[in-house]
Each structure stands twice: as structure tokens, then as C-alpha cells.
Amino acid sequence: FFQKTLTAIKNWFTLFGWSKGQNPISIPYSLRRDVCKVQMSSSQETGFKQNLGKDTKTVYDMLFHLSGQLLPGITSSKSLPLDPVERMLQLHWQHSTLLAFLKSQGACLPHVMPEFLLEPDDYKKWIKVQTVLKVDVKNSDILSNKHLFILEDSIFETMSKRAWTDVLLQIYKVFVLPRASSSNITDLFSLESLQKMPRIKTEPLSSNIYSPYERTILTWLNKHYEKNRKTVWKDCQKGEVPPMRWIVNFDQDLLDGLVLAAQLAAYCPYLIATHFVRMYTNPRTPEQFLHNCLILVNAMHAVSLAIDIKV
């Protein structure tokens with residue numbers, strides 16, 4: 001389950017997370033690595049700046065593209081200190097600022113510590129520094145409230161991957177999902193057939209699973225399915241017009257491909273004759289479900305909607 005979630009989020013951020021087109025990411029490797037565009041290099045004689053190039057895209061570039069906001073005190077062109085320990089402390093501060101910024105926007109990340117977002121070597125330096133500090137200030141209460149998680153290498157890698165995945169999911173939740181607007185949905189409920197349908201409430205407390213924005217999307221799915229099912233499958237080759245249904249989740253209710261096909265048909269009606277008339281309107285077997293989803297994915301490719309969804 002986690003691997004599928006990670007793959008989906010990696011694909012989405014690769015395709016839509018950046019200005020000026022796609023930028024392949026790997027979780028957590030590229031996100032941990034690409035934290036600045038200018039790197040200080042040292043030799044015994046001189047210190048010089050190494051420009052990592054305008055093509056280096058950092059997590060801060062992604063945040064600016066999705067939210068339109070810069071993190072306080074952080075610019076992607078800022079270089080990191082030469083000293084390895086100072087560099088690690090600067091990165092830890094940047095990650096703390098990132099997490100504080102996301103939490104202020106409504107992200108739920110109480111389980112993600114800034115040190116989990118560091119590279120493994122930097123994490124070891126962080127543990128070393130904190131251990132020394134704890135010994136030095138044994139009688140002080142500076143660190144008494146601070147829990148120090150000392151993780152083995154393999155466990156740290158798992159934790160880091162999970163932490164970065166959750167950070168990306170929360171970025172999506174607070175900056176992308178709220179773009180779902182309910183303003184266009186109310187107009188369509190004037191149709192007689194839609195008036196008989198039970199409504200999905202968008203009030204914040206009416207669901208402990210889906211946010212108001214997700215429920216707006218469910219309403220949109222219901223609206224287009226009910227409005228288009230008779231049009232899309234009136235000349236169906238493999239069954240009658242599918243029955244009315246109430247779509248209340250994003251997994252079970254979308255499995256047979258019919259709901260998503262109805263959404264596509266609402267915007268691209270020319271796909272009905274070339275693709276959707278060949279779908280099973282009452283699929284029973286795994287083969288029929290597969291058949292429907294093959295047609296759906298082919299239809300997406302036909303309109304260049306290449307978002308790497310597997311059948």
C-alpha cells in the first residue's frame with residue numbers, strides 16, 4: 001500500500017509539481033539532495049562557489065510554484081556553509097522552517113521531525129551533536145523536553161522515505177486540493193434527474209474521512225455520471241444503460257471505469273463513439289473490469305492525458 005502511494009505521489013509531483021514542465025523526482029533521494037543551487041567548495045588554497053545550475057530544482061522551487069509563497073529566510077539561491085556540521089545545522093533549521101510553514105497552512109505532520117528529512121550522514125552528525133549537547137547541559141532543562149530518536153541506518157532510510165512521502169501528501173492537501181471549487185456544481189443540480197440524488201454534504205464536520213474539497217470532487221463525479229450515463233451508453237455494445245448510483249468514495253466506486261469514463265465524456269464527447277460504447281455497463285468478472293479500464297486508459301492516451309495511470 002505504501003509503495004503504491006509513494007509511486008502515485010512521485011508521478012504526480014514529477015508531472016505537476018514544478019514550473020516549466022516535468023522534473024523527475026525520487027523519494028527521498030532527490031528531495032534530500034537538491035536543497036540549494038549554489039554550493040561552496042573548499043580546497044587548501046581557495047574557497048570558491050560552485051553553481052549547481054539553473055536546472056537544479058529544489059523543494060523550495062516546488063513550494064513556490066504550488067503555493068506562490070516563499071519560506072521566511074530561505075531562498076533557493078542561498079549557499080550552505082562549508083563546515084559539514086554548520087551545513088547540517090543550517091539544513092536542520094531549513095527543514096524545521098519548512099515543517100512549521102506547512103503546519104501553519106493546515107498540514108498534519110506531528111510525526112515528522114526535521115532530522116528525518118536529512119541525508120543519512122547528516123542525520124548521524126545531528127545525533128552526535130545532540131548527544132554531546134545533552135552531556136554538556138546535563139543539569140540544564142534546555143533539552144529536557146526534547147526526544148532524541150536514534151535510529152539504525154536501515155530504519156532511518158525507511159523513516160526518511162515515509163517522512164518525505166507524508167510531507168508531499170500534506171503539500172498536496174493544503175495547496176492543491178483547495179483549488180477544487182464548488183461554484184460550478186450548483187448550476188447542474190437544477191436538472192430533474194439530479195434533484196432525486198442524495199447530496200454529499202460539504203460542511204467540514206460532516207465526514208471524518210474526506211475534506212470539504214474531496215467531497216466537492218465526489219459531488220462533481222456524481223453530477224457528471226448521472227448527467228451523462230444515458231448519453232454515453234445509449235448505444236452500448238455490451239449491455240444496457242448502467243443504473244443510477246451514489247458515488248461516495250474514491251476506490252470501490254471507481255473500480256469498473258464507468259464513473260471516470262462519464263467524466264471524460266463530459267469534456268470529450270467524441271470519445272464515446274470511439275471508446276466508451278465498447279465498455280461493459282454491468283461488469284461482473286475481473287476480465288470485464290480489466291477490459292473497461294483498458295478502454296479508459298486508452299481514451300486518456302487518445303487525448304494526451306499522460307499521467308502514467310496503469311490499467
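Along the chain as shown, residues are numbered 1 onward.
Positions of Cβ are set from backbone N, Cα and C atoms, glycine also.
Going by TrEMBL, these are the annotated features:
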DOMAIN    211-311  domain 'Calponin-homology (CH)'
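Taking the domain 'Calponin-homology (CH)' (211-311) as a whole, pLDDT averages 89 in the prediction. With DSSP states grouped into helix (H, G, I), strand (E, B) and coil, the domain 'Calponin-homology (CH)' (211-311) comes out at 58 helix, 2 strand, 41 coil.
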